[in-house]
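Per Swiss-Prot, the features are:
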- GLY13, MET14, SER15, GLY16, ALA17, GLY18, LYS19, THR20: ATP binding site (BINDING)
- ASP63, MET64, ARG65, SER66: GTP binding site (BINDING)
Amino acid sequence: MSQKKIDLVIVTGMSGAGKTVAIQSFEDLGYFTIDNMPPTLVPKFLEIIEQNNDNKRVALVVDMRSRTFFKEITLILDQIEQNFAIDFRILFLDATDNELVSRYKETRRSHPLAADGRVMDGIKLERELLAPLKSMSQNVVDTSDLTPRQLRQVITEQFSSDSNSASFRVEVMSFGFKYGIPLDADLVFDVRFLPNPYYLPELREKTGLDQEVYDYVMKHQESNDFYKHLVELILPILPGYQKEGKSLLTIAIGCTGGQHRSVAFAHRLAETVKKDWPVNESHRDKDKRKETVNRS
């Protein structure tokens, strides 16, 4: 069996250009990530990944900390190319001098290469030292006019191995309004206007996952009309959320107790969405009433 290659992205560039946002984006894409790794430790780390880790997608932030940085990283890149089954790319993040100065003023942090505290001097020195590495980089991104969200979007577009599955998934959940709206919900839909199976004794103890309840909820015209509009709303916007670099979209559907109507709707929606996107289906309050009755 051929050995699976390591997919290595080395994230570097100007201090203040967005490396922290970048490494978080790679983590959302499913990469194994480490921030601020000394170049000399990279080969040993890759050896461990090669032998012991199923995840062969790795992103490392390697910062400029000394004048010997370029010499070190060049030697390391040659070494790993010779000794490992690896595909590696360098992502270089840049920004204009004025933008970098503005960011340092905003955060009130000192530049790592500004010995006398003058940020512009540190930027000029760093730019000079990194120029050869920038010329070697396969991906150069100017973040001067990018928001953090836009930078995440750029990284997603350039490094996601699968635009649907690697970087984005959907959580479809049901809940009961009487227990509170889920705090992590991105989209919330209310189905309390639909006929309630709770008032039918033969359905009261069942849930929306039981066929009898599901059929009762979905047999009404207003249920099917609402579901049609719900799908027409949700499916077209999912690519937009994925494009924005969002890794998880939580869609919450609520009824009064979270046992019947919302469960049926969440299940139906999950079955529809999973045809095109990775989906996790959950029902937060489905058994809450039963648990309350048992405790009383």
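A Cβ is built for glycine as well, from the same backbone N, Cα and C atoms used for every other residue.
Swiss-Prot feature annotations superimposed on the structure.
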residue : record           : CB count, 10 Å
GLY13   : ATP binding site : 28
MET14   : ATP binding site : 23
SER15   : ATP binding site : 23
GLY16   : ATP binding site : 25
ALA17   : ATP binding site : 24
GLY18   : ATP binding site : 25
LYS19   : ATP binding site : 21
THR20   : ATP binding site : 14
ASP63   : GTP binding site : 18
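Apart from the site residues GLY13, MET14, SER15, GLY16, ALA17, GLY18, LYS19, THR20, the chain places the Cβ of ALA22, LEU93, ALA95, THR143 no farther than 8 Å from the centroid of the site's Cβ atoms, the recorded ATP location. DSSP assigns GLY13 (ATP binding site) to a strand segment in the three-state reduction. A Cα-Cα distance of 11 Å separates THR20 (ATP binding site) from ASP63 (GTP binding site). Cα-Cα distance from ALA17 (ATP binding site) to ASP63 (GTP binding site): 11 Å (rounded to the nearest whole number).
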